[in-house]
Amino acid sequence: MSDNFYDVLGVSRDASEEEIKKAYRKQAAEHHPDVSDDDDAEERFKAIQKAKEVLTDEQKRQQYDQLGHDRFTEADKRGATGGGGPGGAGGPFGGAGGAGGAGGFEDIFNQFFGGGGGRGGGGGNRPRQGQDLRTGLTIDLEEAFEGATKEVTLTRPTQCDTCDGAGHPPDADVETCSQCNGRGQVQQVQQTPLGRVQQTSTCPRCEGSGELYSEDCADCGGDGVVREEATLSVEIPAGIRSGQSLRMEREGAPGENGGPNGDLLIEVDVDVGDRFERDGDDLRVNEAVSFPQAVFGDTIEVETVDGSVEMDVPTGTQSGETFRLKGKGMPRLRRRGRGDLYVKVGVVIPDSLNEEQREALEAFAEAGGEDVDVGGGFFKKLKSSF
């Protein structure tokens, strides 16, 4: 597999962001370690994630195209790529975000390739996608088995309707920022490992807009966003496991300068309950059988997630033996077939016997040539043998 990020996702160099995301979803679904049986599935999935991370970030993609794969990767290892996320959050490679712009190597790249962050670490007034948001959702085993439609409620940032995200009333007085002279960026000389360079960064006074307004929006306080409660309907695919996440596109934080919303990532927790244990797509369950059933063999009913099935208990079954019911486990996520159900048998030894049962077991012991103390030791011995 080629290391080139475009080749990893199978897209051309002029692919749009939507084409890249579509290719990522296809590759991720095919090569996720929980889905693929390939030995290198985990490493390949990491490469797919990395390729998507870089190529869907406008600034990182520009750096990648300018530097090439090898030089970009080396710069990445030194923490020299990427920028801060919206709202001042640090980028995935350690670049600082926030209204003051990024620092270090990111500023060098900005100087070389035309950077300068806008509000919240953006790039001038270019449209920027909003942050991805995360939340959790708990479902039961039956819902994970069948798939379900669930509702998730969260409080999230959304564009302020009062000012349409501008952060100020439409009739507010506006003046050109005197610190950057309306450019939204300021320049300064910084000492770096490459020597003294002139860097361009976001104007700290106007946060990259180049303008100052006489008053802020009363509802959002100038941020352009407010926090609201939202209830969303999410489709749960059959076979999902605890720890896996579902992505709802464009349900995240609002973008900047007309950019699209981020995505909402929903981490699923599957409550298996008390009866079953889950191991990937397989299930495990304990079933009790009587002493005569274990000795003579029998057919018993075993409850599965989707109903009961018959299972043969062979003659002479020992307590602790495990039997496999093929295809009676969980559905394989986005693949055909199901896992297996493993049934561990436990032989139940009676605590007390009536006279007829006692005589029968005494005869059983004598027929086997066992010299036992029927008054108490025999049954203790019998229990301990199971």
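Cβ coordinates come from backbone N, Cα and C, glycine included.
Per-residue pLDDT, averaged along the domain 'J' (4-68), amounts to 85 for this model. Feature annotation from Swiss-Prot assigns domain 'J' to 4-68; the stated evidence is sequence analysis.
According to Swiss-Prot, the region 'Disordered' annotation covers 22-132.
The annotation compositional bias 'Basic and acidic residues' is assigned in Swiss-Prot to 22-35 (among others). Through the fold, the compositional bias 'Basic and acidic residues' (22-35) approaches residues 8-11, 15, 41-42, 44-45, 48-49, 51-52, 56, 241, 244, 280, 332-335 of its own chain, all at least 6 residues removed from its boundaries and within a Cβ separation under 8 Å.
Positions annotated as compositional bias 'Basic and acidic residues' by Swiss-Prot: 43-79 (among others).
The zinc finger feature in Swiss-Prot is assigned to 147-229. According to DSSP, the secondary structure content of the zinc finger (147-229) in residues is 0 helix, 39 strand, 44 coil.
Long-range contacts of the repeat 'CXXCXGXG motif' (160-167) within the same chain: residues 213, 216-220, 222-226, 254, each at least 6 residues beyond the stretch ends and with a Cβ under 8 Å from a Cβ of the stretch. If you look up Swiss-Prot, you'll see 160-167 (among others) marked as repeat 'CXXCXGXG motif'.
Taken from Swiss-Prot, the feature Zn(2+) 2 binding site covers C177, C180, C203, C206, and the record attributes it to sequence analysis. Within the same chain, the residues at least 6 positions away from C206 (Zn(2+) 2 binding site) whose Cβ sits under 8 Å from its Cβ are C177, Q179, C180, G184, L212, listed in sequence order.
Residues annotated as repeat 'CXXCXGXG motif' in Swiss-Prot: 177-184 (among others).
According to Swiss-Prot, the feature repeat 'CXXCXGXG motif' maps to 203-210 (among others).
Residues annotated as repeat 'CXXCXGXG motif' in Swiss-Prot: 217-224 (among others). Through the fold, the repeat 'CXXCXGXG motif' (217-224) approaches residues 159-160, 162-163, 165-169, 254 of its own chain, all at least 6 residues removed from its boundaries and within a Cβ separation under 8 Å.
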Spatial neighbours of C203 (Zn(2+) 2 binding site) that are distant in sequence (at least 6 apart) but have CB under 8 A: C177, Q179, C180, R183, G184, Q185, V186, G210
Listed in sequence order, residues not in C177, C180, C203, C206 with Cβ within 8 Å of the centre of the Zn(2+) 2 site Cβ atoms: S178, Q179, N181, G182, R183, G184, Q185, V186, P204, R205, E207, G208, S209, G210, E211, L212
The compositional bias 'Basic and acidic residues' (22-35), counted residue by residue under DSSP: helix, strand, coil: 10 helix, 0 strand, 4 coil
DSSP helix/strand/coil residue counts for the domain 'J' (4-68): 45 helix, 0 strand, 20 coil
